């Protein structure tokens, strides 16, 4: 086999941070001069997360080629330079759909279609297709869910078969939780032992055990895990809870020397690892002595911390070149204290979303920011809120609205895109990377320093072309358009320090080492506003 495979599974509890671990391993392996590809296998039966409620699943991350994916792919992007595509993700829904389609097309020659071998073979096909497309030295495969979940069994069986076929080219990392009982002042290894026993009963003996814990594990505890889980002591690693930032994870794993172990098992020669640049970024990010900037996030899914994951991370990245500390203030659009909360902030960000709930609150937030000259950044639905607000209160069209929110509005300044009126919801939006032509002498051009960019999209609605001339004649600047059809991509509000809306999702391109320029300029404007107000 021309590539090496690392399979990452999780046990004991969910939300262990497998995605962050996989992303961190990718960064460390890249620093060793290896080309890395990544694949996330999700056991849920949805074809993709595109129609899933953000309260259940968190945000939907979109790749350049227009695939709606799990938010873990966002971690992969932010930590490493891996190329992500439709080959970087698969769900049980996709796997079963392919198997059933093949059966309907007669490709199984009348055989009884079963989980083994037909479903497992399809999973193996996904792994091989990812490797063939990206041609990596190392392919990291994260298996979603927790060992013991019935949904994961076909994926684990496929992993077992794949490892049997390529024993010298595969490694299994099992990530577990090792609880610390404060009352007894004891670290308990039994849950890890049981999780590994469960995994071994399926036919997979882990090569590495990565123990997530609240406190550092002693050599004695590692020896105990080694003994009862049948792995060498030097294959037991500790991922202690991070103190300040998720971006400390590569530094933690580097201190554990886990990559040296993996490379030696694969027959690679480890190189000296220099993470000085990453350490400097993390140190700056965690520096609390910079001027504090408070950004109000006006969104409807605030109860789920992962619903706006990429937005949160993009703001965090931008705080480094903007040279400020950051506090993100969640503000409900339905709150009666909306304007009072915004008055305490240095900037307002209105993120993407769907549906009528909270819509009027987002428009109210946009109006308050425009009236009070507060920096404001609207993304996707947020941009549409800026346009509707401007139409209502600057153009004196009081009933102006989006057709998504009011199908009977007399002034539909936001309308459905041509060809989007479909009953099928999954995977039918305008998805993926599209070009955007930027007008010189604009806030957007000042940020990008170029007149043509590629940004990722996820939407059905657009600024109504029938109202573009009226909006522009009354001052609204359309400074970014898609050359393919002149779709409005970026708007700027006139006579304002910094008020900008984008139809795309810039948060999907930001990295710690390469913050997105629009977020940097937004935070810089918020910092200037804060300093002018004399805020501490």
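Placed from the backbone N, Cα and C atoms, the Cβ positions cover glycine too.
Over in Swiss-Prot, the protein carries these features:
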type	residues	note
ACT_SITE	380	active site, nucleophile
ACT_SITE	505	active site
ACT_SITE	507	active site
BINDING	14, 188, 189, 190, 191, 192, 193, 224	UTP binding site
BINDING	14, 149, 150, 151, 188, 189, 190, 191, 192, 193, 224	CTP binding site
BINDING	15, 16, 17, 18, 19, 20, 72	ATP binding site
BINDING	55, 353, 381, 382, 383, 384, 404, 460	L-glutamine binding site
BINDING	72, 142	Mg(2+) binding site
REGION	1-268	region 'Amidoligase domain'
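Sequence features annotated in Swiss-Prot and their locations in the structure.
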residue	record	Cβ neighbours (10 Å)
14	UTP binding site	12
15	ATP binding site	11
16	ATP binding site	19
18	ATP binding site	24
72	ATP binding site	23
189	UTP binding site	20
193	UTP binding site	16
384	L-glutamine binding site	31
404	L-glutamine binding site	18
460	L-glutamine binding site	17
Nearest of the binding-site residues (17, 188, 191) to residue 505 (active site), judged by Cα-Cα distance
17
Alpha-carbon spacing, residue 192 (UTP binding site) to residue 16 (ATP binding site), which is rounded to whole Å
13
Please name which of the recorded positions listed here, 190, 191, 404, 507, is nearest in space to residue 15 (ATP binding site), Cα against Cα.
191
Give the maximum pairwise CA distance in Å, whole number, for the residues 14, 149, 150, 151, 188, 189, 190, 191, 192, 193, 224 listed as binding CTP.
31
Shell of the ATP site beyond 15, 16, 17, 18, 19, 20, 72, same chain only (C-beta within 8 angstroms of their C-beta centre)
10, 21, 22, 75, 175
Long-range same-chain neighbours of residue 188 (UTP binding site), Cβ under 8 Å, sequence gap at least 6?
178, 179, 180, 181
Residue 224 (UTP binding site): which of the recorded positions 55, 460, 507 is the nearest Cα neighbour?
55
For residue 191 (UTP binding site): intrachain residues, at least 6 apart, with Cβ closer than 8 Å
11, 12, 176, 177, 178, 179
